[in-house]
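Asks: One structure is given below, represented as structure tokens, and several questions about it will come after.
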Amino acid sequence: MSTVQLATPSLRQPPRRQRSVRPLWRMLVYAILLLGLAVTLVPFIWILLTSLKPASEIVRIPPTFFPERWTLDSYRTIFTDPKVPLARFYFNSAFVAVSRVLITLFTSSLAGYIFAKYNFRGKRLLFGFILVQLMIPFQVVMIPAYLILVQLRLIDTLWGLIIPSMVDAFGIFLMRQFISTFPNDLIDAARIDGASEFAIYRRVVMPNLGAPLATLGIFTFMATWNDYLWPLIVITTHERRTLPLLLTWYTSQHGQRYDLTMAASILVLMPILVVYIFFQRWIVRGVALTGMK
């Protein structure tokens, strides 16, 4: 009687050279990421620390990274300056940013739903025209937009900053890509139940747009809050200026007071940093889900 020996397959160990290369590659990746993080964070940290230094220490040679004497004098000067109604400037920026976010979310989601779930003549041509707008810089249409605002008598008004951007091509594209993944059975079932087309949009489509709406809202808020060129052209009254215009004006008035300039920069940057820190997961989630099809 012959016996058959069954050879158990042994787990193949990776070559020693390959095992030694992987940790080196990971260390290289981490080093690159840390370098990028340092390049990104160091300027913000430098601005913050400089705003907490006295004016005499900022111009000292050699310069110091951390303050030797911590002070909030620059912030007190800004808050007590009668020429700087800071609360008014914050209100102007917040009103323009929130209004643009709400209007953009409505128009983009509605147009994206139409392009994703409706068939009509010229649909592809019209959507292609919207995509072309993504390739045209705003500076090209800036003069026609300004002339339209002159005819509408919206120059030097906050609505003049809002109306030209009520329809956003990127927002329509983002919503259309996401809504295209919706099953048509949900929409057809709502039609069978007697729901109107707007009710379907409001009760079926909108509740499922949490991630892309949050993503678009954050992008729109950040772009509006940091917008400088268009408010510079439209706004002429000091009390209607937004925070980026305030920063430029304050720098021109106190160019040699670097502590005041840095403190004003922190006051402008702080809201947008808070929004990004608290809502960054929605940005990642929205972009990831939009790419899935």
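Cβ atoms here come from the backbone N, Cα and C positions, even for glycine.
Bear in mind that TrEMBL entries carry predicted annotations, made automatically and left uncurated.
Annotated transmembrane segment per TrEMBL: 27-49, 89-113, 125-152, 158-179, 200-222, 260-279, in sequence order. Look at TrEMBL and you will find 90-279 tagged as domain 'ABC transmembrane type-1'.
Give me the lay of the land around each of these features.
Replies: Outside the transmembrane segment (89-113), and at least 6 residues removed from its termini, the chain residues within Cβ reach (under 8 Å) are 158, 161-162, 165-168, 171-179, 201, 205-206, 209, 213, 216-217, 220-221, 224-225, 240-243, 246, 271.
Sequence-distant contacts of the transmembrane segment (125-152) (same chain, six or more residues past either end, CB-CB distance under 8 Å): 115, 160, 163-164, 169-170, 172-173, 176, 229-230, 233-234.
Residues 92, 95-96, 99-100, 103-105, 107-109, 111-113, 115-117, 127, 130-131, 133-134, 145, 148-149, 152, 205, 209, 211-212, 215-216, 219-220, 224, 227, 230-231, 234-235, 240, 242, 286, 289-291, 293 of the same chain lie 6 or more positions beyond the ends of the transmembrane segment (158-179) yet place their CB under 8 Å from a CB of it.
Within its own chain, the transmembrane segment (260-279) is flanked in space by residues 44, 47-48, 50-51, 74-75, 77-78, 86, 90, 214, 218, 221-222, 225-226, 243-244, 246-247, 250-251, 254, which lie at least six positions past its ends and keep a Cβ under 8 Å from the stretch.
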